[in-house]
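Colleague: According to TrEMBL, the protein carries these features:
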type: DOMAIN; residues: 37-283; note: domain 'G-protein coupled receptors family 1 profile'
type: TRANSMEM; residues: 21-47; note: transmembrane segment
type: TRANSMEM; residues: 94-116; note: transmembrane segment
type: TRANSMEM; residues: 137-160; note: transmembrane segment
type: TRANSMEM; residues: 200-221; note: transmembrane segment
type: TRANSMEM; residues: 233-255; note: transmembrane segment
type: TRANSMEM; residues: 267-285; note: transmembrane segment
Amino acid sequence: MDQRRNNFALLALSCPWEKKVFLILICYLLYLGVILGNLFILFLVIFDSHLHSPMYFLLANLSLIDMGLSSTTVPKIITDLLNEDTVISFQSCMTQICFIHTIGGVEMVLLIAMAFDRCTAICKPLHYLKIMNPKTCVSFVITGWVTGVIHAMSQFLFVIKLPFCGPNKVDSFYCDFPKIIKLACTNGAKLEFIVTANSGFMSIGTFFLLILSYSFILITVWKRSSGDLSKAFVTLSSHITVVFLFFTPCMFLYVWPSPPPSLDKNLFIVDFAITPVLNPAIYTLRNKDIKVAIKRLCKKISYSRFC
């Protein structure tokens, strides 16, 4: 019987009630933080005219993507834990996978765009506004979505045709290509290589491209400031932190052939909940412009109360 017409069982959702309560509480608080934190960044960038610049346009899009990435899995996990439902249909599983990889692809391109923005601002400050014009910024976002869709569909078209007639148990909180391929009633070695070549190499390639970009910026600043890198580190620290938070779980999940289930579950929480909730905090605490924008907002609120 073809398992594609049936369901997949997510074993990570089967746990004692005490652990379920803990997971529900943690997921709820983290997801609430993701939504409120990223909405706050969006609100600041949209309504504060001082933040209407290429860097903050890209940051606003990154906040939107972080909310989308977290929303692909966390709300369903909370609902399933509350309803004690460990089953996901084949259609829902495939839909979840497509959204995860589409949004993940968009985020990679946005991080590259933000690195290019900083590289242009520091290395070619006189030509910054000419290079990073509105058309360029919108092109980066469109390129991100096109890349994300191609990245997801290039794997999805292979997986959707696989026969599923045997085991249907996935030891995870969510569906993903490597986990589903292992359940197919066929030799999935070639397909696993395609997934690794696509997701794994894309993650590693993007990560090293970003590291090279930031290294080039640091070297440029070091040469211009006679060895003083403090300003460059302050400027780039938030970007570098976000890059490491996003790519570390990706490389473990897609480059490591069979990560232990416990590691897989922990990396899931990092990638889909902790990183999206930390990004707004990182950019808020380490960004002077955002801090000033928050002060302006507080003054406006205080003024409106007294008027």
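Easy rule for this one: first residue shown is 1, then count along the chain.
Every residue, even glycine, has its Cβ placed from backbone N, Cα and C.
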Colleague: Among 21-47, 94-116, 200-221, point out the range having the most Cβ pairs under 8 angstroms from the transmembrane segment (233-255).
Modeller: 200-221
Colleague: Most CB pairs under 8 Å with the transmembrane segment (200-221): which of 21-47, 94-116, 137-160, 267-285?
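Modeller: Between the candidates 21-47, 94-116, 137-160, 267-285, the best contact partner of the transmembrane segment (200-221) is 94-116.
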Colleague: Under a criterion of three or more Cβ pairs within a distance under 8 Å and sequence separation of at least 6, are the transmembrane segment (21-47) and the transmembrane segment (267-285) in contact?
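Modeller: The transmembrane segment (267-285) and the transmembrane segment (21-47): touching, yes.
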Colleague: For the transmembrane segment (94-116), could you work out the same-chain residues 6 or more beyond its ends whose Cβ comes under 8 Å from its Cβ atoms?
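Modeller: Tertiary neighbours of the transmembrane segment (94-116) are 55, 58-59, 61-62, 65-66, 68-69, 72-73, 76, 88, 137, 140-141, 143-145, 147-153, 155-156, 159-160, 174-177, 180, 199, 202-203, 206, 209-210, 213-214, 239, 242-243, 246, 250.
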Colleague: Over the domain 'G-protein coupled receptors family 1 profile' (37-283), work out the mean pLDDT and round it to an integer.
Modeller: 84
